[in-house]
Amino acid sequence: MESPNRTSAQEFIFSAFPHSWGDSVLCFVPLLFIYAFIVVGNLVIITVVQLNAHLNTPMYFFISALSFLEIWYTTATIPKMLSSLLSERRSISLNGCLLQMYFFHSTGISEVCLLTAMAFDRYLAICSPLHYPTIMTPKLCAQLTLGCCVCGFLTPLPEIAWISTLPFCGSNHLEHIFCDFLPVLRLACTNTRAIIMIQVVDVVHAVEIITAVTLIVLSYVGIVAVILRIRSAEGRRKAFSTCVSHLTVFLLFFGSVALMYLRFSATYSLFWDTAIALSFAVLSPFFNPIIYSLRNKEIKEAIRKHMGQAKNFFHKTRDLQ
């Protein structure tokens, strides 16, 4: 039971942002550009996949689903970061903080599950090409994607519900750029419960990440084993090229996520905490549209075709005027 003179904090103040106005604007401009690029880039990928019949395959279905999740994953944190950079009082309500944590982690876990499903898709396509069309049907693709989202949106609920019962008193300065489990738990009044909760959160994240990484690595072990048995160098190159984009996104995303959530008792300075958080919350989503468009010949050609059509349409419209 809380003592009468102890009041629970109803808002948190982000203390990891630059203090000077000039530095804040210097951070605001590139962050705004990155967020706009993420949203527009992923919308372009979704639109191109939907408009081109030859891209209606399981691989591109999963890519467009990942692009959709990326938009919401970044929207959970970046708009609040942008407003905080231009605000004198960089605060967020307790309920707003809980909601931000929930949507950030639910979309993030959905992405982890989806990347695992994409590895399974590549494994079937390369290791069982004859059975692939009959196994990876549009219905199964939709079921896998729905299952990833259900898993993603259910998994963080117990953690969020538990954190919502904790009293927060004393300092309400959150040493981070957005609400996340460990920085918020450090502000809880009840040390014993908070320590237990931190350990539980560490274990849950470790299980999620290690399970996904294990399944993806096993898929690629099978893929590499099959590719090495292909006799022609051109055949090996073609088979592996279908996996390069997914493998790059996997390494980029999981590398930074592992640094943040598989550290257990290890602690980083505020600078490195912020840098690692930016790498998986901002930079990884920023590179994904580039990886899936610039490294993918079919998407590049489809984008080029639609840009040409748009250019011709505007030229005809101008001529008619």
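Easy rule for this one: first residue shown is 1, then count along the chain.
Cβ atoms here come from the backbone N, Cα and C positions, even for glycine.
Now, the feature entries from TrEMBL:
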- 28-49: transmembrane segment (TRANSMEM)
- 41-292: domain 'G-protein coupled receptors family 1 profile' (DOMAIN)
- 61-82: transmembrane segment (TRANSMEM)
- 102-120: transmembrane segment (TRANSMEM)
- 140-157: transmembrane segment (TRANSMEM)
- 209-228: transmembrane segment (TRANSMEM)
- 240-262: transmembrane segment (TRANSMEM)
- 274-294: transmembrane segment (TRANSMEM)
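A contact links the transmembrane segment (140-157) to the transmembrane segment (102-120), because at least 3 Cβ pairs that are 6 or more residues apart lie under 8 A. Per-stretch counts of Cβ pairs under 8 Å to the transmembrane segment (28-49) identify 61-82 as the leading one among 61-82, 209-228, 274-294. Counting only same-chain residues 6+ beyond the ends of the transmembrane segment (61-82), those with a CB under 8 A from a CB of the stretch are 17, 28, 31-32, 34-35, 38-39, 41-43, 45-46, 49-50, 92, 100, 103-104, 107-108, 110-111, 114-115, 117-118, 121, 138, 141, 145, 149, 177-178, 249, 281-282, 285, 288-289, 292. Within the same chain, residues 59, 66, 108, 111-112, 115, 118-119, 122, 125-126, 202, 205-206, 209-210, 212-213, 216, 220, 223, 227, 273, 276-277, 279-280, 283-284, 287-288, 291-292, 295-296 sit at least 6 positions outside the transmembrane segment (240-262) and bring their C-beta atoms closer than 8 Å to a C-beta of that stretch. Beyond its flanks by at least six residues, the transmembrane segment (274-294) meets 16, 31, 34, 37-38, 41-42, 44-45, 63, 66-67, 70, 73-74, 77-78, 104, 176-178, 180, 245, 248-249, 252-253, 256-257, 259-260, 268, 300, 303 of its own chain at Cβ-Cβ distances under 8 Å. Confidence in the domain 'G-protein coupled receptors family 1 profile' (41-292), given as mean pLDDT, stands at 88.
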